[in-house]
Amino acid sequence: MIVKSSWALPRLTRLAIPAVLALVAVLLPFILPGDRWVRVAALALIYIALASGLNILVGLTGLLDLGFIAFFIVGAYTTAILTVQLFVNQLGFDPDTLWWLFPVSLVGALVLAGIAGCILGYPTLRARGDYLAIMTLAFGEIVRLVSINWIGLTGGSVGIRGIPPFAIGDLELTSPSANYYVVLAMVVVILVALAGVVASPVGRAWVAIREDELVASSMGIRTRRYKLLAYVCGASIAGVTGVFFAHMQQFINPDSFTLEDNFIVLSLVILGGAGTFWGPVVGATLWIFFQAIARDWTIVQEHPEFRTGFLALIVVVLMIVRPGGIVSRKLKLTRSGGDVERPEPRTAPAGLEPDPIEAGAPVLVVDTVGRTFGGLTALGSVSFEVRRGEILGLMGPNGAGKSTLLNVLSGVTKPSRGSITFRGDRIDGLDSDRVSVKGVARTFQTVRLFWQMTVLENLLVGAHERLRGWVPAFALRLPRHRHDEARALTEAGSVLEFAGVWDERTRRASALSYDSQRRVEIARALMTRPKLLLLDEPAAGMNESETKALASLITAIRDSGTDVVLIEHDMDLLMSVSDRIVVLDHGEVIATGTPDEVRRNPAVLEAYLGSDA
Amino acid sequence: MTQVLINGLAVGGIYGLLAVSFSVVYGVLGMVNFAFGEVFMFGAFGALVAAAANTQIAGADFAGPALPQWAAIGIGLVVGAIVGLLVERIAYKPLRNAPILSMLITAIAVSMLLRAVGTFLFGASQSPVPAPDLGEAFEVLGARIQPIDIVIFSVAIVATGAFWALVKFTPIGRAIRATAQDRDAARLMGIGVDKVISTTFVLGSVMAALAGILYSQKYGFAAAGMGFIPGLKALVAAVLGGIGSIPGAFVGGLVIGLTEELAAAYVPEGAAYRDVIAFGVLVLILWLRPQGILGRREVQKV
């Protein structure tokens, strides 16, 4: 099949904005009146880098960091201590000959800031968001206080002077314009790399975590790991920026990084637009230039506190009036818009080997599984099996334990006892992301899509396990990944066609009709290439004709080679599509059999209609 | 040793009061109101200006009412309550259903804004606060005890106890607890949830302002930035005690106060790293027990 791509034209328009921005950035020193303004522009670049780094945490992943400057401090002091304290003061090198040390400092700062990011990020794996905010604030203070008080290493409040300027060989780059261009190069590299990472499985995983962490993990994303990764990436960017800042200033002291800088950088992200790509750039540029202009005003000279006060006021008003910030352009989480021609519908889970298990043999064996919450028994001792090639209906009155059972099967809650074996492997006790990788996918009782993403992006999250890779490879935009992504998009197209929602592929999930939302959710689950699909009341809220269409979709899923467990309150649907039915009541299995057998079973009638029936 | 302990209890009492403010508002609104550090500051300045004969406000001379000490403290508490109420009504109320991240960002912005307003009104440098006349320091078991420390600790205990009793035994306290448990259910039961939240903010602000006044009396100054570090330590205390619990927050405050005073006195270079120790404790707690020492794990619902 020829993969027709729609890249050609959008690609031109997509590159237009960055190209114009780059041109302006390159010409800026010639346009600006005088060195003072070139210095302001260089400072703006520093803040652009910091804001973009923080945006990974706050904007993309939804983790608040109030001590972000700590990573910047780590970077700046790393190079200052290495260059001045160690090589100049201890080893007696001439500072003018140390230009070769700069890359070493960069790597050192990258590593140390990354480690700091790990230390700070680790508790996020479990801590609640607000505790975390407090902790980042405290961590930022610790780093700042140490930099002030560890005089032997950091020079205390005097700081470290005599940091050599940027240089290439003997050529020292000390003029404001030269500094500007060096920092510009850094910002361009950071932004290009960041854009690559954002439009990759990594970026999609971050946004998925922000949107709905539980669903993200049910798509096979190791959410803890990706949150930690967000910290490490943000911290590394801040650390590198710190190195450039130190060499640009040629000195650092604790006054270079006030406590308020944490807040300022955060505000710039919010001002420009958290979770957008250009938001931090716009926010930082506007604010730093505004601040430089305002410096000449007498009222600001008399009351320097007005600057942060004004910024704070903007943020407070913005959060009420326009929480999205200035830039409203949504992030593009993939570089391609998908195929333009209507694809063939998916016939079988693509890329699957012929199934070694023959039809009718058990694939999922649930053995005496129980789950209690405190003193409440949600599941007593449940045993049943799902066989290859069937749709297993799961019914029971409200409170029978159906949802708990589904959560236990998908790894959201752990069973208190019993075992679950899927195709020979125990899956009880696995986290939901591992269960997903084993080939068990699920949908949710109330539709849970990633509402800010397009339909295709939602589906690509489902393909996470096949697309994931190493962050630097995405930053470098290696062609291999681009290929994988194009293939996954083609697959997404055929899955959407299969589910009957191909026409919706470029729309935002939040803009879909209810019926389409349900179908997209099923399609997203199918993108994980499941061998078993758990559907939690998929027909809830649908009208009669939609339910009928859904029934044929569910049957088609079974026929394409994915076994189905269906929880449903709509008896007509359940009876018509299920091959066998398991009936739960009060956390126990009370009947198992074909729809006809179950319909006639007195225990079932009693559970549903009461003993008088 | 006794001296250090008494001092630690006084400092801890101040942290404890502020921690109670954070804790009770967290309980009701599920957010950390960073601005209590600034309510702390406005309380201190309110009392200072009310007690002074002439001061400067926003660079202009201002003839203060020169009220007696007890009345000035009352004014300080009222100022704190008003600031807290305004913050809640203007900044937080429109965000009632916004994501927690938005609320936290607003909270930190409000805190910065109030600090800037404080700097504008009261200047960037420290303003001296005359020490209250409580008599000479006296000796107990060979240690010199400052009467102010005893007063601070007693006031903190009584205020926290009264606050706890208010929440535990009065109808408004019951409304506060109901709102904290389930806002929607409380609303359906006919509780004016907005009113309850505002009341909680006012009560919390009074506690924070009281802490600020005691702090300025103990250390002899007030300054626009005075609330930040104590605020952060009070947050540590609240987390330590399991945020949402009043006695827990107060005890957490005492633990932090004692720890840092002991560290300052007995650890080499401890004075310089006093704050690092308090924050280190927090980082350590959240590493080991992310839900706080007394907190319970939250169960996610699908």
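Including glycine, each Cβ sits where the backbone N, Cα and C put it.
Where the annotation comes from TrEMBL, it is an automatic prediction and has not been curated.
Feature annotation from TrEMBL assigns transmembrane segment to B:12-32 (among others).
Annotation source TrEMBL lists transmembrane segment at B:39-58 (among others). Tertiary neighbourhood of the transmembrane segment (B:39-58): same-chain residues 18, 21, 64-69, 71-73, 75-80, 83-84, 87, 114-115, 118, 120-123, 127, 129-130, 205, 208-213, 215-216, 222-227, 230-231, selected by CB-CB distance under 8 Å and a gap of 6+ residues from either end.
Proximity of distant same-chain residues to the transmembrane segment (B:70-88), defined by a Cβ-Cβ separation under 8 Å and at least 6 residues beyond the stretch ends, is recorded for 33, 35-36, 38-40, 42-51, 110, 114, 197-198, 201-202, 204-206, 208-210, 212-213. Taken from TrEMBL, the feature transmembrane segment applies to B:70-88 (among others).
Here TrEMBL flags B:100-125 (among others) as transmembrane segment.
As annotated by TrEMBL, transmembrane segment applies to B:145-167 (among others).
For the transmembrane segment (B:196-215), same-chain residues at least 6 beyond its ends with a Cβ under 8 Å from one of its own Cβ atoms are 13-15, 17-18, 20-22, 24-25, 28-29, 33, 36-37, 39-44, 46-47, 73, 76-77, 79-81, 83-85, 87-89, 93, 152, 155-156, 159-160, 163, 166, 172, 175-176, 179, 186, 222, 226-227, 230, 234. The annotation transmembrane segment is assigned in TrEMBL to B:196-215 (among others).
Within its own chain, the transmembrane segment (B:235-259) has Cβ neighbours under 8 Å at 5, 8-20, 22-24, 26-27, 32, 156, 160, 163-164, 167, 180, 277-279, 281-282, 285-286, 292-296, counting only residues six or more beyond its boundaries. Per TrEMBL, transmembrane segment is recorded for B:235-259 (among others).
Taken from TrEMBL, the feature transmembrane segment covers B:271-288 (among others).
Only residues 6 or more beyond the boundaries of the transmembrane segment (B:145-167), in the same chain, are considered here, and those with a CB under 8 A from a CB of the stretch are 2-3, 6-7, 9-10, 13-14, 16-17, 20, 24, 131-132, 134-139, 173, 176-177, 203, 207, 210-211, 214, 217-218, 246-247, 250.
Same-chain neighbours of the transmembrane segment (B:100-125): 29-35, 37-39, 41-42, 45, 56-59, 83, 87, 91-92, 222-225, 227-228, 231, counting only residues six or more beyond its ends whose CB sits under 8 Å from a CB of the stretch. Through the fold, the transmembrane segment (B:271-288) approaches residues 229, 232-233, 235-236, 239-240, 256, 259-260, 263-264 of its own chain, all at least 6 residues removed from its boundaries and within a Cβ separation under 8 Å.
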